[in-house]
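Everything below concerns the one structure shown next.
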Amino acid sequence: MSFTLLARDGGARRGRLATPHGVVDTPTFMPVGTQATVKTMQLRDVASTGTQVVLGNTYHLMLRPGADRMARLGGLHRFMGWDSTILTDSGGFQVMSLSDLRRVDPEGVTFKSHVDGSMHRLTPEKAVEIQLKLGADIQMQLDECVRLPAPIEEVRRANRLSLDWAARARRAFRAEAAEGLLQFAIVQGGTDRDERVRSADGIVDIGFEGYAIGGLAVGEPQAEMFETVEITEPHLPADAPRYLMGVGTPADIIGAVERGIDMFDCVMPTRAGRHGVAYTSEGKLNLKNARFAEDMSPLDPESDCPAAADYSRAYLHHLVRVGEPLGATLLSWANIHFYQRLMRELREAIEAGRFAETARRWRTVWP
């Protein structure tokens with residue numbers, strides 16, 4: 001088995017996931033590297049935060065530089081200089097978000113590139129082929145993510161289609177993938193209880209190395225997201241990793257770990273950094289604010305990240321206000337480090353049987 005469950009504390013789980021490029025300690029947070037880079041950052045600095053997995057975006061990479069070119073250049077790991085694990089999405093979320101630029105049919109989806117208007121075709125098998133050319137360690141099935149709110153008939157139709165695509169993706173992956181690579185399926189179903197259960201049971205019957213919960217973190221209330229996780233989680237195998245896609249805030253992550261989730265990704269720490277916002281042990285700080293103009297204290301006195309410990313709030317405020325790119329780099333670095341510190345403390349707490357205590361402490365600052 002690629003996944004080993006090491007400890008439990010209530011619903012929270014501590015595990016290890018083996019991939020061709022190393023072991024991933026769970027619960028884990030995965031920074032998003034959309035176009036073969038975590039925006040504004042050098043990957044050695046990303047690695048210094050304790051990050052073990054970064055994401056690549058199949059939709060963007062298939063358009064530029066292209067999957068065939070990537071394969072000729074030795075794959076995504078070599079191309080971007082990242083020696084640890086890479087997870088790629090299937091491209092489905094981006095394609096389905098194109099709205100008037102795409103057309104879905106039972107075989108796949110045809111879409112117009114947002115880059116140059118060229119037409120492209122993505123099927124479950126093609127998504128597998130592209131991700132294998134990229135060389136990702138963890139690869140996601142192609143699914144149809146319905147925009148919510150949506151009529152229940154539309155949710156059911158998309159669910160049936162996604163289950164059919166999951167079976168086709170699994171056959172293609174098993175036929176072509178090298179030993180050790182992992183394929184995850186995605187549970188959809190909107191916020192409808194019956195459709196979530198039907199989707200989860202269907203993909204578990206097919207059998208994958210891991211299972212993702214998709215279609216959330218799109219503006220729904222946190223309570224609704226947690227309720228959907230609680231509906232879905234009992235239907236997922238205990239001996240496989242669970243991945244909550246696109247989540248989220250520190251409070252979201254703590255609550256989801258509490259409910260049995262192992263893996264997370266989100267653009268939030270880097271996007272916030274590019275907009276002058278820092279995640280710290282004192283909460284969220286907007287470095288654009290004038291109150292930081294003469295504050296010579298370090299960004300986060302409790303952090304050992306160079307970006308948070310070595311630079312003053314006044315200096316970072318200055319960089320942000322004048323638009324210097326270094327400001328975005330340092331704040332993104334500090335924010336990813338903050339997220340990884342949170343994950344490390346949650347893992348240690350689960351092992352020690354004090355998850356509830358640790359969660360309470362974090363929630364006093366990040367409610």
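Here the Cβ of each residue, glycine as well, is placed from N, Cα and C on the backbone.
Heads up, TrEMBL stuff is auto-annotated, nobody curated it.
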Next on the checklist: Looking at substrate binding as recorded in TrEMBL, which candidate out of Gly66, Gly117, Gly215 goes with Asp89, Ser90, Gly91, Gly92, Phe93, Asp143, Gln188?
Outcome noted: Gly215
Checklist entry - TrEMBL lists region 'RNA binding' for one of the ranges 25-29, 110-114, 195-199, 270-274; which is that range? => result 270-274
Checklist entry - TrEMBL lists region 'RNA binding' for one of the ranges 120-126, 246-252, 358-364; which is that range? => result 246-252
Item to check | Rounded Cα-Cα span from Asp265 (active site, nucleophile) to Gly92 (substrate binding site), Å | outcome: 16
Next on the checklist: Quick check for the class: what is the C-alpha distance, in angstrom and rounded, between Asp265 (active site, nucleophile) and Asp143 (substrate binding site)?
Outcome noted: 18
Checklist entry - If you average pLDDT over the region 'RNA binding' (246-252), what do you get? => result 97
Item to check | Intrachain C-beta neighbours of Ser90 (substrate binding site), sequence separation six or more, cut-off 8 angstroms | outcome: Thr58, Ala127, Gln131, Gln139, Met140, Gln141, Leu142, Asp143, Ala169
